[in-house]
Amino acid sequence: MNRRRFPWLSYLVVVSGAVLTVVPFLDMVMTSFKGPGEAGTLPYRFLPKAFDLSNYRAAFDQLDLPVLFRNSVVATALITGSVLLTSSLAGYALAKLRFPGRDFVFRLVLSTMMFPPFLFFIPHFLILVHWPLAGGNDLLGRGGAGLTVSVVALAMPFLVNGFGIFLMRQFVIAIPDEVLEAARIDGAGEFTVWWRIVVPQTKPVVVTLGLLTFVDAWNEYIWALLVSTAEPEVMTLPVGIQLLQDHVDPTRTMPIVMAGLVLSVLPVLVLFLLLQKHYVRGIMLSGLK
Amino acid sequence: MVNALAPQTAERAAPSPPSAGPAVDGRRRGRRRQVVVAYLFLAPTLLFFAVFLFLPLGFALLLSMSRWAGFHLGDIDPVGLDNFAGLFADGSTFLTPVLTNTLLFALGTVVLALAGSVLVATCVDRLRFQGLWRTLYFLPIVTTVVAVGNVWKYMYEPGGLVNGVLNAAGLGSVAFLQDPDTALPSVVVVQAWASVGTAILVLTAGLKSIPESYYEAAALDGAGQVTVFLRITLPLLRPSLLFVCVTQFLTGLQSFALIIVMTKGGPGDATAVAALEMYRQAFSYGDWGTASAAAFVLFLVVLVVTLAQLWFFRRKGEDA
């Protein structure tokens, strides 16, 4: 297109779009510093009168932030670790090992991607409630609350990801067979081949998949809401903050809610800014979201 | 896209001749070991899918054809297709307003996100600092729905930013989320705002794949910018546009986290969508049968859209 003239109209469109995108974030940060009676009152003021940190202190008091943080971190770590491990192992097996039923298993993995998540909330919840020999249940899954009382419940339905396996397989396939064969002739077992060759060779895609999984797990809301309604001890950051905003007069506590939101959004935002290229590549590869 | 999904069927190994020495024996042992190792590596995955995919699907299907109030699994009472009939019976809110809201929500999101992303993507393509713009437009995507929903809910308040701007412009305040007429469009705006970054990314990639020589040829012919956009950019961008449309539409059909955070389906049923209705039937009213039936109806809608998309792309693929 015409690149010689200064594209002022394009700048106008892109900059105003960017302002629309960023202003809600700025409003969140500004409100988190506002004092009592300053937020949600007319006439509207964008900037706080003073940058007061008391809302952040209040967020720690009213939200039990350390516990929420711990639950979010544990669930996110479990999910990310498990998805990476299972995707890499299964991806390697499907790409490079020969065994009967390989095509069938691969098709099965692909088919898992077509089921929308909302189909599973109810049965997953019931399966965890009736998990045998957990949370006071007997062998047939009766009598107790099952796995729903444990932090593990937050992670359980997300531990394996069909898309992750597909993605890893596509990248493992690109590793030359000769490299793997050479290692085998040197006496390396399949596990060694996987750990010493496949894992290092697929490092970029591991970072991409890890980042996508981390962000999704950290931001997950609906499932965490279900689990922590049954057991408040396993509440995550998003659920805890939403609860505060639902149950107290919003105009009074809004600055505290915003402070909590800033703290909960910050880890992911920093990670995204540091590893942006990998994340963007992941979105392109998944094509969804 | 579809072809890339086809599993590799190449089984290169020719059957080895019988009794061809110790080397072949060793290789055959290696093969057998590979089978064991392969299933060992796949065991966690297969186990997971058995427990968290196939068992739940069966369970959900059973529930959708039963009456059950929760608690004891022994109390599940099969009722055939009654739950489905109930959803579409007179006086049921499922068809209107719930399914209608769902379609409006998905459609509204697609239209807004598409318009915004086409505008921004074509403009960004001519600017410097493309990485910076992309980063900014991407912020909502990595932000939890709880933050997005609450910030916007707060901005829609009478004393919030949006009304502040309206008042400053001399306009009266609008009760965005409290008025049944404005609640759904207000939520649609937020969903589109949150998803426009992905659309921009896809469209930018599509724009980059249009050969520069087309534009040069058009410039030589003296075509104006509008003509170039309508005659070259838009037609060649069609696959990307279609992709954005379909994926955003599918996401819109299934989304309800934002609505839970912002309106809980209210005021009244003004923002009640199908996935939320399923959730409420189960976890608020304890009607697991109706909830599961609603889930399958929505799944059917999603499936039809997905299949239509596959069919369309496959047909397109043949022309290319």
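Every residue, even glycine, has its Cβ placed from backbone N, Cα and C.
If you look up TrEMBL, you'll see A:7-26, A:73-95, A:104-127, A:147-168, A:205-226, A:256-275 marked as transmembrane segment. Look at TrEMBL and you will find A:69-275 tagged as domain 'ABC transmembrane type-1'.
Contact counts against the transmembrane segment (A:256-275), taken as Cβ pairs under 8 Å, peak for A:205-226 among the stretches A:7-26, A:73-95, A:104-127, A:205-226. Beyond the transmembrane segment (A:73-95), the same-chain residues lying 6 or more positions past its ends with a Cβ under 8 Å from any Cβ of the stretch are 102, 105-106, 109, 151-152, 154-155, 158-161, 164-173, 175, 194, 198-199, 202, 206, 209-210, 213-214, 217-218, 220, 224, 236.
Counting same-chain residues at least six beyond the ends of the transmembrane segment (A:205-226), those with a Cβ under 8 angstroms from any Cβ of the stretch are 72, 75-76, 79-80, 83-84, 87-88, 121, 124-125, 154-155, 157-158, 161, 164, 167-168, 171, 199, 235-236, 238-239, 242, 267-268, 271-272, 275, 278-279, 281-283, 285-286. Listed as Cβ neighbours of the transmembrane segment (A:7-26) (distance under 8 Å, sequence separation of 6 or more from its ends, same chain) are residues 46.
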